Structure formats: C-alpha cells, structure tokens
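Below: one structure, written as structure tokens.
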Amino acid sequence: MKDRYILAFETSCDETSVAVLKNDDELLSNVIASQIESHKRFGGVVPEVASRHHVEVITACIEEALAEAGITEEDVTAVAVTYGPGLVGALLVGLSAAKAFAWAHGLPLIPVNHMAGHLMAAQSVEPLEFPLLALLVSGGHTELVYVSEAGDYKIVGETRDDAVGEAYDKVGRVMGLTYPAGREIDDLAHQGQDIYDFPRAMIKEDNLEFSFSGLKSAFINLHHNAEQKGESLSTEDLCASFQAAVMDILMAKTKKALEKYPVKTLVVAGGVAANKGLRERLAAEITDVKVIIPPLRLCGDNAGMIAYASVSEWNKENFAGWDLNAKPSLAFDTME
C-alpha cells in the first residue's frame, strides 16, 4: 500500500505551525514559529499582530516541514487545516495557505477542529481505545468531552466563564509576571505553600461545569488590598494557593465525570496539560483508569496535533469544499 502523507496547518492563535504525518501515526515534522516575544510587551495576544506574523512566516514553515519530513510537494496525499475555534484573522491565514496548496496540487482538504487536535494529540503516545473521556484545558477552553469513537465528540461539561489558562494569564498579569504566565506560576507554586483561602466554585455541586471567575476575582482582590495597605505577600504562596484551588476544581469535576461515564481511558490535553501540578495530581488521584497526556511538545498549539485529528476525518472521507471558512466560535457540536 502506498504511504499517505498529510500536510497539516495550525494558525488559530499565535503559533504558526505546519506538520507532516505519515500514515496514521508517524509524525515526520512539526515546525512551529512562535510569536510569544512579539506579544509579551502587550501582556497577551494582539489579533492583528498575530495575523501579520502568520502571513510573514507560513511559506517558510511549509518549506521547512516538507524538507524535515524528507518529502516533496508531489508526495503529499491530503491537506488538513484548523478552521476553528480561534482568532478569525489568524485562522484565515492558515486556511488560505492550506486551500491554495490543496487546490494547486489537486488534493483533498480536511477540516479540523482545533480542540479535536488537542485531544487527538494523545494518539502520539499510544493508540486510543474508545470510548474515552477527555479533559481539555487551554487558554481559551476548559471542557470535559466524551468521545465514543474517533471523530465523535460530545461536550459533557465546560466552563461558565473563564478558561483555566485565561485565569492563569490574568493572575500572572496582576503579579507582574511575563506573558504567558502559566509555566512561571506552576514553578513558583512548587516553591510555596497553600496558605491563602481561595474559593473552589461549584466544587460540591452535582454537575460537570467549571467556573474560575470567582477564584480570579478573589486573587485580584487579595493582591489589590495588600497593595493598598502596603502589605507584602509571598508570590510563591500566592501561586501555590491559586494553583491548589485550580487543581481542586479540575480534579473534582474530572472525578465526577469518570463516575458518570465509565470509561477505561482519560485523555488530558491542551496547553495547561503541561502543568506539573496537574500531572502530579492526576498521577496521585486518578488510578482506576489509564491517563494519557501528550508529550510537552504537543501540548501547546501545533500542527502535529491537527494532523493526528485529521486521520479519522480522512477515514470518513470528510473533505471540505473550497468555500470552507474560518469559524472562530466553532464547537464540537457545530463541526463540518
């Protein structure tokens, strides 16, 4: 059988990435051009800046991905691309490049949900057994997803307000930490003690919903009041207390979901899945099911995860037309 090579594009936010996947599971290349340095001074992602950077580097990323994979344009079998959710301008750059490449070479175009990409990055660790449950935690999303089979996703719980990664970045900004603040807060948390009593919203309620806005507000108020009084708070203890509250919420809801949906596998994915505190809590407390977390290089936004997610769409021949457009608010229940 002839080998299949999928060229995948990811430009949903501030990472320009192009990857090549051979057959179902051999990731030959995963080129990522990060924009973090450009956005640091703004304390967050500026959509217009992100779009311009994507335009500047995407052609070079395509060339590098093909070269690193050791293949030519003529070897590519199909093109996969993130079409949502994300920043509309950023998404359009990747879509335009992917459609142009596919059209020029007469190749099928595979539409991929960005969050499905995070989830299916776990396929890089080992073949996934369905049904499974997934906890998706990133800068823009916090979701519990039931996956009956590859490509069939159902959100069973999600945040009512802030995503967990968003809460980390806002708290980091208050403390004057460099954007993105997640890794630094995680590191500082491991040096401090959980001494501040922050709220754990809805932790005892019998649902699978999350809420982080109250925790974020409590943190900001404590920090602001201390500043007003001229008091000094331990940054390490603040981070430890904040992270402990976040992890208590995530673990409580995940355990409830596992009780409701008796599966054998839990996938934890998204940028926040790189958090050491989360990985430690999962290892210590989730012992009845197999926990699969993608490697660190596949936790953040990258085209490799889009390539993995595209395999099930390829198998279903779920190809898009040239009118495929960006869907910045795309959810699992509104996929093409």
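Positions of Cβ are set from backbone N, Cα and C atoms, glycine also.
Of the listed candidates (Asp288, Asp301), Swiss-Prot assigns Asp301 to the same Fe cation site as His114, His118.
Swiss-Prot names Leu136, Val137, Ser138, Gly139, Gly140, Asp169, Gly182, Asp186 as substrate ligands; from the candidate set Asn23, Asn30, Asn275, the record adds Asn275 to that same site.
Looking at Asp301 (Fe cation binding site) and Ser138 (substrate binding site), their Cα atoms lie 9 Å from each other. In sequence order, Gly165, Tyr168, Asp169, Gly172, Gly271, Val272, Ala274, Asn275 are the residues of the chain that are 6 or more apart from Gly182 (substrate binding site) and have a CB within less than 8 Å of its CB. Ranking the binding-site residues His114, His118 by how many other Cβ atoms lie within 10 angstroms of each Cβ puts His114 at the bottom.
Those same-chain residues not listed among His114, His118, Asp301 yet with C-beta within 8 angstroms of the centroid of the Fe cation site C-beta atoms are Glu10, Ser12, Thr82, Met115, Gly117, Ser138, Gly270, Asn302, Met305, Ile306. The CA atom of His114 (Fe cation binding site) is located 11 Å away from the CA atom of Ser138 (substrate binding site). Of the listed binding-site residues, namely Ser138, Asn275, the sparsest CB environment within 10 A is found at Ser138.
The Cβ of Gly140 (substrate binding site) lies under 8 Å from the Cβ of Cys13, Pro85, Gly86, Ala163, Gly165, Glu166, each of these being in the same chain and 6 or more residues away along the sequence.
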